[in-house]
């Protein structure tokens, strides 16, 4: 479970390095900040799920967690959507600019396709993770073990979800002094 999330971190670091190679250090820093927001919440949600599952991290045992842990699963799904670049979440603002800049550069067609395949694979395994966690059959010992009774954790996740939703837009205006888009 955590390995899948860590793999997405590596792919995002590769995205940051590719944009650094093109010379856009502000955009790489912007993506680092937005990525840190939704990745922190993603790991908090994963930790909450793993704790409630009795330290089981096998996604094949998870399923239908939305029934017993609705807030955690909603936060987890929003973070996965932000990781995939769903419009108007924090990951969209940075990832969309990176994809646009990579598309406008005169690069080798092989590099272009490898870049888009890596972005597409991130989306594929993020949706696969959400599918296994949120739907499907629950294959663990008992569904009654699960609960969202840790109010401190839920308050922290509630604060971070606000940042995941609105901070991408705010950071884009703070880091870039002009509207940053390709004409």
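Any Cβ shown, glycine's included, is placed from N, Cα and C.
Residues or ranges marked as domain 'NADH:quinone oxidoreductase/Mrp antiporter transmembrane' by TrEMBL: 2-121.
Marked as domain 'NADH dehydrogenase subunit 5 C-terminal' by TrEMBL: 125-183.
Look at TrEMBL and you will find 33-53 (among others) tagged as transmembrane segment.
Annotation comment: TrEMBL describes 65-89 (among others) as transmembrane segment.
Beyond the transmembrane segment (109-131), the same-chain residues lying 6 or more positions past its ends with a Cβ under 8 Å from any Cβ of the stretch are 1, 4-5, 7-8, 11-12, 14-15, 18, 59, 76-77, 80, 83-85, 95, 99, 102-103. Among the features that TrEMBL reports, transmembrane segment is placed at 109-131 (among others).
The transmembrane segment annotation in TrEMBL covers 152-176 (among others). Residues of the same chain lying 6 or more positions beyond the ends of the transmembrane segment (152-176) and with a Cβ under 8 Å from any Cβ of it are 26, 29-30, 33-34, 37-38, 40-41, 44-45, 48, 71-72, 75, 78-79, 82, 88-94.
Counting residues of the domain 'NADH dehydrogenase subunit 5 C-terminal' (125-183) by DSSP class, helix then strand then coil, yields 38 helix, 0 strand, 21 coil.
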